[in-house]
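Colleague: Quick one: the structure is below, and I'll ask about it shortly.
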Amino acid sequence: MGTLAPNLMEVSAGRDNENGAARSPPAKVLDAGALFVLKSQGSWLHCGYHLTTSIVAPVILTLPFALALLGWVGGLICLALAALVTFYSYNLLSLVLEHQEKLGHRQLRFRDMARDILGPGWGKYFVGPLQFWICYGAVIACTLLGGQSLKFIYLLSNPDGTMKLHQFIIIFGTVPLVLAQMPSFHSLRHINLVSLILCLAFSTCATAGSIYIGHSDNAPRREYTVKGSAKDRSFGIFNAISIIATTYASGIIPEIQATLAPPVKGKMFKGLCVCYSVILTTYFSVAISGYWAFGNQAMGTVLSNFMGDGKPLLPTWFLLMTNVFTLLQVSAVTVVYLQPTNEVFEKKFADPKKDQFSVRNVVPRLILRSLSVIVATTFAAMLPFFGDIMALFGAFGCIPLDFILPMIFYNVTFKPSKQSLIFWVNTSIAGVSFLLVGVGAVASVRQIVLDAKTYRLFANM
């Protein structure tokens, strides 16, 4: 007999004909992935920590560059609109999940939602694989970013150092190798609280650094016109929109809600309020200060602007502190995006009839989780241009998962009238997002072609 869900919500299924006693449906048998990795024991505050780590990451340091491609008005409108749409979108997902729980079958994974709402094929062949590769791609990208941060710290202290990027990526990979052994998503709650504090810390450093440079004698000449030909500006707009959309993306909202102890009603909204209070504080401060300080000279990451002609424009200790905060926070982000991979491994190779910490379950967990981190680290070292590839993945993955499917799930589940405002708001968001998928993919492919001449394995970028 399989292990029964210990915390599923009991729902009345009817009345006994003789004594009127409430009868509950039989408890649902959970597979090992849901039982062990998506353990439902968290509070709304823990949910807020998980949400913040899954969304607020060092990728926000690219926001001044996005504003440089859009200008003040377009950049701030896109930044605010993306915040509004994603907050709305994630709340829709939460409402659908709460509704399903009331019906007696709590959905713990994105693919479960797709299977139950749209049909088995959607979960098995579209949403499941899409989410898996987006999350695993994020693990590779975070490992690459961690290696780049380590290299930056090394060069600050040893400008003539000869160590290569791939060596730092391998060194960084040892951190998620250890953290990946945390048994469940819920067990990351304290790590993700520290992550929340760290993202506030590095965004404060980035903001303070930009303001300091902007007021210093070494302040660069600032222009706020959008550079390039009409063609370049057009593609730049779509690239910027893709960057902003990606910074707000999560892709694991159902899995995060699955960590909540039932009943879940209202808890996700509170968690989102925690998360978006951090988002509004960090995103706008980094974007506005960075674009104000560097104008259309803002680079792919604002930290690159802190180095002028190879010389730091800020005290070395300040740059070191900022990069240490970034490095530590990206470690937590890496482990969060390993959870869908861990859940798949547990489902296939763990035995739910045995204890989570039995030898039967610990040995395959240790081997498979270690192997997944080693493979991700190897890809990050081999493909230091992976950011360009992730932009393409983001167009095909992040936008459908976070901007399109929540609208479809809500409309199919609740069936709002076609004359209602919510139906047309949802339909409009899904339609515009679908167009962005195509345009973003074209812009990403163009960028890959432009950068292809610098691509080589184990490049020291």
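Each residue, glycine too, has its Cβ placed from N, Cα and C.
Keep in mind it's a predicted model, so treat the numbers as computed, not measured.
Summarising the annotation, TrEMBL assigns domain 'Amino acid transporter transmembrane' to 41-444. Positions annotated as transmembrane segment by TrEMBL: 48-67, 73-97, 133-153, 165-182, 194-215, 235-253, 274-294, 314-338, 366-383, 389-409, 421-443.
How buried are these features, and what lies next to them?
Modeller: Here the transmembrane segment (48-67) has long-range neighbours at 42, 75-76, 78-79, 142, 145, 149, 185, 188-189, 192-193, 195-196, 199, 202-203, 206, 210, 240, 243-244, 246-253, 256, 259, 270-275, 278-279, 282-283, 286-291, 293-294, 298-303, 305, 326, 329-330, 332-333, 336-337, meaning same-chain residues at least 6 beyond its ends whose C-beta is under 8 angstroms from one of its own.
Only residues 6 or more beyond the boundaries of the transmembrane segment (73-97), in the same chain, are considered here, and those with a CB under 8 A from a CB of the stretch are 63, 66-67, 106-107, 113, 117, 237, 240-241, 244-245, 247-250, 253-254, 257, 264, 268-269, 272, 276, 279-280, 283-284, 287-288, 291, 402-403, 406-407, 409-410, 413-414, 426, 429.
Tertiary neighbourhood of the transmembrane segment (133-153): same-chain residues 57-58, 163, 165-166, 168-173, 175-176, 251-252, 303, 319-320, 323-324, 326-327, 330-331, 333-334, 337-341, 372-373, 376-377, 379-381, 383-384, 386-387, 389-390, 393-394, 397-398, 401, 461, selected by CB-CB distance under 8 Å and a gap of 6+ residues from either end.
Outside the transmembrane segment (165-182), and at least 6 residues removed from its termini, the chain residues within Cβ reach (under 8 Å) are 139, 143-144, 146-151, 154, 188, 191, 327, 331-332, 334-335, 338, 342, 365-366, 369-370, 372-374, 376-377, 380-382, 384, 458-461.
Long-range contacts of the transmembrane segment (194-215) within the same chain, counting only residues at least 6 positions beyond its ends with a Cβ under 8 Å from a Cβ of the stretch, are 48-49, 52-53, 56-58, 60-61, 64, 222, 278, 281-282, 285-286, 289-290, 292-294, 302-303, 305-306, 313-314, 318-319, 321-322, 325-326, 328-329, 332-333.
Under 8 Å from some Cβ of the transmembrane segment (235-253) lie the Cβ atoms of residues 51, 54-55, 57, 59-60, 62-63, 65-67, 69-70, 74-75, 78-79, 82-83, 86, 90, 93-94, 110, 131, 134-135, 138, 226, 228, 279, 283, 336-337, 339-340, 391, 394-395, 397-399, 401-403, 436, 439-440, 442-444, 446-447, all in the same chain and six or more residues away from its ends.
Tertiary neighbourhood of the transmembrane segment (274-294): same-chain residues 44-45, 47-49, 51-52, 55-56, 60-61, 63-64, 66-68, 72, 75-76, 79, 83, 87, 196, 199-200, 203-204, 206-207, 210-211, 213-214, 219-220, 222, 224, 247-248, 302, 305, selected by CB-CB distance under 8 Å and a gap of 6+ residues from either end.
For the transmembrane segment (366-383), same-chain residues at least 6 beyond its ends with a Cβ under 8 Å from one of its own Cβ atoms are 136, 139-141, 143-144, 147, 165-166, 169-170, 172-173, 176-177, 180-181, 338, 341-342, 345, 349, 389, 457-458.
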